[in-house]
Every structure is written in structure tokens, then in C-alpha cells.
Amino acid sequence: MKKRMQHFMMQCRNNKISVISGSVVLMSIVFILYATLYNYEEKKNIYDEAGGEIVTIFSRTVEEEDLNAMVLSFSTPVYVLKHIDDYVLFYVEDNTKYQDIIKKLSENPLVKSVQANHTVSSMGFSLDAYSDTQWAIYNPGNYANVTEKGMYHKMSTLDVDMDIAEAWNYMKEDEKERREVVVAVIDTGIDYQHPDLADNMWINREEIPDDGIDNDNNGYVDDVYGWDFYNDDATVCHYKYSNELKTNVALPEDNDDHGTHIAGIIGAVADNNIGIAGVASNIDIKIMSLKINGGSDGTGNISNAIEAIKYATMMGADICNLSWGTSQYAEALKEVIKNSDMLFVAAAGNSGTNNNSSPVYPANLKLDNLISVTFIDPNGALTRLSNYGVSTVDLAAPGADIFSTIVGTYKSMSGSSMATPHVSGLAALLYSYHDGLYPSNIKEIILNNIKTLPKLNGFMIHTGIPNAYQAVAAADSLIWDTDPPKLKFKTIYDNEKFHIDILSEDLGGSKIRTINWITGERALSDFKHGIAGTKVLNDRITVLKAGVYTFYASDYSGNETVVTHEVKEDTTPPTIISTYTVADDYNIRTVTVRVKDAQSNIRRVKYMEGRKKATDFLPAGAGTEIELKSGKGSFKIDKDGMYTVYAIDNRGNTTIEIVNIKSVKSTEIKFIRSQKTMTEGQLYTLRAFVKPVNTTDKIIYSINDETVATVSGTGKIKALKEGKAVITARTSSGLTAVCELTVVKK
């Protein structure tokens, strides 16, 4: 154990790390790091005598000569192993004399206390070497702290923890089948070779390592463990060999300690007799490494973050840990988070400021799939660096003196960066219960199961830290959606364009996440989990060509579907119905046309004198255009003859109508009856008949006494009062017919 601690202390060199800086690059967040250890889980101490060693405390500092005289006075060989002021560790060579020496020391008036040196074993929640450091999992009122000067215990407040050990026990007892959960850590890189992480690293099984080929056709070559967006390659961790430690450590010029630390909090392998146990180490947890921050100062930018989120969404991650922030609002960042089916857990920041007035993004985004997290110390209080916000920070989580993995070894760090993965780990426990869970429901379960801490009142929305035990115990209330969305389509022809209206429905309840489309017949894989294709906005797309279009829809539970829709070309020409009238003086002919097109609508209507073909209207300026209103138009001419009406729709279909205009005067007009009797208030239509039947003459009706009755232009009579009147019908050519009307009382 001493050798292990000495080796560990050599590895714990740095005690400060800076992560992310920038303006539209990510905001600088500095995390205070301590080489510390914590202890949580109900503990018992088992004491065993350590081979003849006696721990002695004197009432004052003991001088060397006094100590030597005391040793020489014993009847059996006794050695001084350690002497520090009033503390002495003796060793008795003969075990049969061991109790005698203890008795003699206890009788010495200079000795304040004496006892056998017992070995102490921690009855912790895991078999990991540094489980005593993890106060976030179980806090018995103290925790182990390791610094460059050594290991010691610090006092803390009992039960200021997330009840994670209790949650593990509950999950072990309920024996439910669980699924793999993938957490994307978008941060610096992760030491995927770390012995406490290697077994829980996400691996892209569709990619062949180091062959220089994008085997899975996702746009990234050799992305076995994820992707380095900072350097635009697959090297998600950057190493430097330490001759002193005989192992790889973080490359100073491109430090990946921070992301590795977060990965350990979430998913360090449990019960492997080294290191720590991650919050989600009791399930099939996989950590996806997506590096956006790099260099010696750990900086990154928004574009890399957006690309990393798209990658994680495309590759099917369930949860996205964002232990970074920026003061600059980025709409694109908001949209890519909103349109993902992952649950995002974001750090609230480490400047000790109010996020209500000094926002930190993405933590300040109000989205159903994002949780904002600040950090507390082991006593349940915010630190001077903890950000807060009564309407902007969702909750707190343990974040001070958090011991976890770094590249090649372990270290303690502090900050909201460390609090965030505790919540991500808990979310992973919940996701493991079922396929088809969705982020807003997971978020609801976490926020509804809080261990309230009085010191947090007035600083955040939910004044406490997550209670993992209560959250997993509430797993029966998780809602899952395994039904893919339904899509229906309607094509609308509009001039030269086609509108496709999309009716979407998600019967499972997790809501539609995105609807995308691509030209042609495509497979589900072509949409890359909603990353590829053009997003449908306002339930409609507009295209210029007929053909097949493929639509993709996904809900927030990750259910996906693709449906093809064929836009059929308009091959039906317009229809033209024409009529004409001749003026009373025979000088003007008026041609009226009604033009219809059931699909793409009418582009243009023209006419020309004579019998023409459709192609005669194609040259620019050919023909005279007819203005349509509601599909109806007219034109006037001054002589009889052949005229051609031409119509073309918006898809280029054409038609013509030949109108043969001929003025025909009437030769005879008469009523069927010459007399008509009506009662007051009665209605009757009086019709005049003319010859020939194809006459173009108009018939005009009139009455000589409108107090007796009225007559319309079409011969409709309304009797008004008792009396007599004469109704006359007259043709354009001057022929007349009369009918005597008699109106009687009712």
C-alpha cells in the first residue's frame, strides 16, 4: 500500500487545470484541482494487529536521548520505526513480549496513549483502490484527501451525497434486463487506454482501425473511439511518455486530462481493484470521446462543438456531457441541441456569478432536453466559484474535490465540469432501463427526485442534488416510445413549382424531433440518424421537378422511419370553353373564355386571328394576351371570322380552341302566348322564341307599366298590383313580339 501511495503521489503533479477559453470560442472556465480522496458508503473498520507495531503518543515532544533510554530499559529488543515530535511508532521483535511492552508503555507517566497498530480496511461500495475518495457516491461525514504532501481525511457533512451506492443496490436487487447506454463526452480527448476506462470506452465496430478508409461511410476515417474535431483526425488522446512514472501521461501541448477526468466520473470500471468506480459503472456504459478542446490551455470553438454534437447524434449516443461554456449566445448551437434526440447535461460555470444576469451557454438554453448543473462542496454548500441562477440553473451536484482519472493516472479536480458528469451518469442509469426513452422524460425524473439541501435555497430552480436512489426507484414511471412517426403527403401544383405538404404524427408521445428529405429513393441509413438531408420547415417543401422524394422522420426516443413520395408530372393540358356575343349595332363581337387547369394552373392565355396551331403562339410576342380573373377572360373584335385561343399551364402543357365567329340576324320572334293572367305577387318567366336558332341577336324585354308588374332582361315577370300592361320582346335586328299581361287580386 505504501508503494502504491508513493507511486500515486509521484503521478499527482499538477494541481490546477484550465479548460476552454474564448469569446465566440468557448469561454475560459478554470477548475481548481486538488489531489484529494473521498469516502462514501456505510463503512465499518476492521482492525488487525500489524506485526508487533505499537502506536504511542506522549504528553510532550520526546527527545532522542530519552527515547533511547526507554528502549534500552525494555527486556526484549524494541525498535523505533518512526519518531515525529510526540509520536513514536515502536516495533517489538518478539511477539510473545508484545503485550508486556504495551503494558509498560501504558504505565509510563510521559505516555498519553498507547495502542496496537491495527490495519484499517474500508468496507466500501466497491473494491476499487480509491473508492474512499468518492464522497459524491456516499458521504459518511468524512472523506479521504490526497495531496502531494500525503493522504489525510477531511471532515464533511453526513449524507451530502447522491445516494448512488443505494441506487446500485436497488438496481442489483430488481434484476431487470438493461441495455447499453452511450454517453458522448464533448470536451478534451479521453485516455481510451487508461486501465480504469478502456473496458467502458465506446468503439465504432463498423470501422477498421488504422486502415485509412471510412469503412462505415459516416464521413470520418478511422473513427474507432470517436473523433478529434480540434485536430480534425481520429487521435482522441495525445500522450507523452513519462520516464519518471513509466507510463503515458498527457501531452502538455495538447492536454486531455479534463475530458479523461469527466469520463472517469461517468464510467470508470468498478471492482477492478484500481482507481475509482464511475457513477454508471454498474451498467453497460460506453463513453464516446469527442474532442473539441485542445492545446495547452484547453480551448475550442462553437463550430467544433456543433460538429461534435452532430456526430454524437448520428452515431446514436443517448446522453451528451458538456462540461464547458461560453458567454456568447449561438443560435446554431441551440438548434443543433434542440434537434438532437440526446439528453444534454451542461455545466453552469465557475465564476461565482448569477447566470440570470450573466448567462453561460449552452447551460442557459431553455430546452426540454438540457439540464443545467452547478456544483457544491462536501458540506452541501456552493463554493465561491459556483455559478447560480434561480431561473437558469436547474440543480447542483457534487463538484468539489472530485477524484477521477486523468491521462495515465488519477487526480482531483473541482468545478461545475465535475458536477455535470455526475448527472450524466445518473441519466445513464435511467436510460439503461428501456429502449425508446426520451430526454424530456429522463430530465423530469431527475428533477423530480432531488435531495434538498437547505444551503442551496434561493440559488437555483431545484434546490438540491439528484437523489439517484429515488430516481431509479421511480423507473417504473419512465415513459417509453417505440413507435416511429407517421407521415402523409399532399402535392400542390403552384405555377412552375410543386409544394409538398407533410402531415406528421407521433403516436408514441415523445414528439417529432426532425423531418428531413432527400431527392430520389433513399434508405434509412442515408439520413445518418437525422444529420443528413434537408430539414423540413413549417411542414412544407417546394421543389421544381416531378419525381420521387424520400422523407425521414425521427422522434425524441430515436424511433425513425423513411417514406417515399412521388410527385407526378402534370401531363394534362388546360381546357378552354368559349362563347361570343354580338353587339346590338353589329360593330363589336365579344368573345368570352373560361380556362381551367386542375394541377399546375394556367401560365398564359392568348388569341390570334385565323386558324392557328399551338406552336404558332411560341415565338415571343406572338398573339394577344387575354387577362384572366378567376379563370375567366374576354376579348373584343370588330368582324366575323376564325379566331384561335391558346392556353399553356405552368408545366408546359398547351391547348387551343378554334372560335368561329359569325353574326346571324333573327328572322322571326314570337311568344307562345299573346296573353297572360297573373295574381298579385306571382312570379312567371315569359319566353320569346326566335328564328333561326343560331341567331346572335340579343332579346331585350320591357313593360309599359312598371306599377303593374316588372320584367327582367331574361323575361322573368313579377306581378305587383291589379291592372293591365304590355310586355315587349325585341331582337337586336329590331323584330318585336308583344304579350298582354293582366294582374288580378289574390
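Keep in mind that glycine also has a Cβ here, set from the backbone N, Cα and C atoms.
Counting Cβ atoms from all protein chains shown, D187 (active site, charge relay system) has 30 others lying within 10 Å of its own Cβ. The active site, charge relay system annotation in TrEMBL covers D187 (among others).
The active site, charge relay system annotation in TrEMBL covers H258 (among others). Its own atom aside, the Cβ of H258 (active site, charge relay system) has 31 Cβ atoms within 10 angstroms in the protein chains shown.
A simple way to gauge crowding: the CB of S417 (active site, charge relay system) has 32 other CB atoms within 10 angstroms, across all the protein chains here. S417 (active site, charge relay system) falls within a helix when secondary structure is assigned with DSSP. Annotation comment: TrEMBL describes S417 (among others) as active site, charge relay system.
Taken from TrEMBL, the feature domain 'BIG2' covers 665-740. Looking only at the domain 'BIG2' (665-740), the predicted model's pLDDT averages out at 92.
The transmembrane segment annotation in TrEMBL covers 20-40.
Distance from the CA of H258 (active site, charge relay system) to the CA of D187 (active site, charge relay system) is 7 Å.
A gap of 9 Å separates the Cα atoms of H258 (active site, charge relay system) and S417 (active site, charge relay system).
According to DSSP, D187 (active site, charge relay system) sits within a strand segment. Each residue in the domain 'BIG2' (665-740) gets a DSSP state, and the totals come to 0 helix, 42 strand, 34 coil.
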